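K.L.:
Below you will find the structure I want to go over with you.
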Amino acid sequence: LLNKDVLSSTLASILALHKWGLGQHHIAKGLHFLELNFASATDNSQITPLGFDIVFPAMLDHAADLSLNLRLDPTTLNDLMNRRDLELQRCTENGSAETEVYMAYIGEGMGKLHDWESVMKYQRKNGSLFNSPSTTAAAFIALRNSDCLNYLYSALNKFGSAVPAVYPLDIYSQLCIVDNLERLGISRFFSTEIQSVLDETYRCWLQGDEEIFMDASTCGLAFRTLRMNGYNVTSDPITKILQECFSSSFRGNMTDINTTLEIYRASELILYPEERDLDQHNLRLKTFLEQELSSNGFIQSCQLGRNINAEVNQAIEYPFYAIMDRMAKRKNIENYNIDNTRILKTSYRSPNFGNKDFLSLSVEDFNRCQVIHREELRELERWVIENRLDELKFARSKAAYCYFSAAATIFSPELSDARMSWAKNALMTTMVDDLFDVTGSVEEMKNLIQLVELWDVDVSTECCSHKVQILFSALKRTICEVGDRAYQLQGRSIRSHIIVIWLDTLHSMMKEVEWTRDKFVPTMDEYVSNAYVSFALGPIVLPALYLVGPKLSEEMVNHSEYHNLFKLMSTCGRLMNDIRGYEREHDDGKLNAMSLYIMNNGGEITPEVAILEIKSWNDRQRRDLLSLVLEEKSVIPKACKDLFWHMCSVVHLFYNKDDGFWSQELIEVVNQVIHQPILLN
């Protein structure tokens, strides 16, 4: 599949040896190989390197000038030369800035047709043109530029008699290591090394290093990696690349699919209002990637062994904010290719692009964590029975789903207490929500609130029903158990805080019941200020913060940053829920953000328009949340802030399609994350 690449490299070597007057035996073998395999030069099933149809014929012309006796099939040769003429005509007629750059990049194929003085505007500080040894060598032959020569000497000093397709590639290759470690879920084992690479990359970013900013792939990867690790980087370079390289035909001549995918991922990371132009660019790139998927446009990358279709499909179907950590890691492991050969003018590869040891470690770690997670799920199922929750047939007692949301986000083996707190409280909120939303009487709702307020009560006499008795007893045991675990880590009692979290949730649920009963129509502000609490993420996330490691003082949990994180996360969940549940709640006579928005506009807008507006609102909330989570100088520890973002990802995944609790797709994901170990071919 790389025969065209091999033909090109072989002929280049023959020309060099002939010029130096060396290796006659090797020249003869090379010529024989070219003659035997020349048909591949026009074989459309072969992978075509960038500029091959111009560069390879130019080398054949040069071979003829040197009187090298090549006995080539005349039909194939004519076909090849016709392709060159058509490609040159296409580029000349196009006349775009992208095409001008492309023609400069493949300058070694243009020879004397080039205005080399104009091409030199692309020369970089290191003396190269496009960090390409071959283009730079062609420029030196034409102009005898000393900076070009110094660059070529530096490449030869580093690599000896053979140089790579791209040099230097240091920043990109190091970032590939970091990206691989993060995407495979094993970055926690290399935190010191990763920090060193990120600090050095940030230093280069601040200095405007050409190795970053003159290469779209490196710039996209550097921006995404630095921003997601809390470094203050502007999106301006990404916008510039999108305008210059993807403006007219989405993907220019200089950009391979790896670059397109990298820039697409970078364009998702919008944090600030002034970056909203990236939205349109991101949408255009998404459309392009979808078209390439449907037309099998990634066939070259797939032929190289890389499962690019799966990578692109994952990026499109699951935005970075709508996929749980463990779910993403498994997909990345399964799609990982240790070969990962790249194609520009020639093929090139690096162990930093695909590493067998990284893959082995990631599989071992994933499966080891799975064993722990399965045991914890069994423990949770025992806990359900011990607390008689299985007797409440009305409840969506989906222990596996509730545990899945914990294990898929807080996966490290040592964070078992945080996972169990998350899962148990998630199950309790599900059952309490059903009591308030579906099956409970007003008397039962008020009774449950009163029991939590009084706390020390005789459940045999104070509970108005069997199900309230079971719910309160299980809730009390859960709060006490989580409080005891947290006390060991925090060195102070936080039980009263967990009780307050639950009471806030119960009171907000009760207010919604009363609004529906009394047919009261709140303002949008009144609704949202209550609804983000009643969405009931507080009891799941907030107690778990005490169990992920860092000390959380009372001053921290009373700080505005803590409350902003909670409000933004919960508002995202509420808005996503209201979009998904609009028709059902409308039929039940219940108000939500969708129906209120339509009412506030005089009932003159359609639900489709309302959905767009609520989604836009949700986007702003999500971006504000991510900005807070990534903020380096903050009151709340990063490990705690991450939980707010993880839960935001959970709700975006669950409400992305149909009711997540009953989705067949989600059942399969639960099995992949918890039950099915990864088996490599």
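Here the Cβ of each residue, glycine as well, is placed from N, Cα and C on the backbone.
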K.L.:
Ranges 228-232, 433-437, 633-637: which does Swiss-Prot label motif 'DDXXD motif'?
P.N.:
433-437
K.L.:
Over the motif 'DDXXD motif' (433-437), what does the predicted model average in pLDDT?
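P.N.:
When the pLDDT values over the motif 'DDXXD motif' (433-437) are averaged, the result is 91.
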K.L.:
Check the DSSP secondary structure of D437 (Mg(2+) 1 binding site), expressed as helix, strand or coil.
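P.N.:
Once the DSSP labels are grouped into three classes, D437 (Mg(2+) 1 binding site) ends up as helix.
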K.L.:
Please give me the CB contact count at 10 A for N577 (Mg(2+) 3 binding site), counting all chains in the structure.
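P.N.:
Total other Cβ atoms inside 10 Å, all chains included: 19.
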K.L.:
Please report the DSSP secondary structure of E585 (Mg(2+) 3 binding site), reduced to three states.
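P.N.:
E585 (Mg(2+) 3 binding site) sits in a helix per DSSP.
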K.L.:
Distance between D433 (Mg(2+) 1 binding site) and N577 (Mg(2+) 3 binding site) at the Cα atoms, whole Å?
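P.N.:
Spelling it out, the Cα of D433 (Mg(2+) 1 binding site) and the Cα of N577 (Mg(2+) 3 binding site) are 13 Å apart.
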K.L.:
What's the CA-CA gap between N577 (Mg(2+) 3 binding site) and D437 (Mg(2+) 1 binding site) in angstrom, rounded?
P.N.:
14
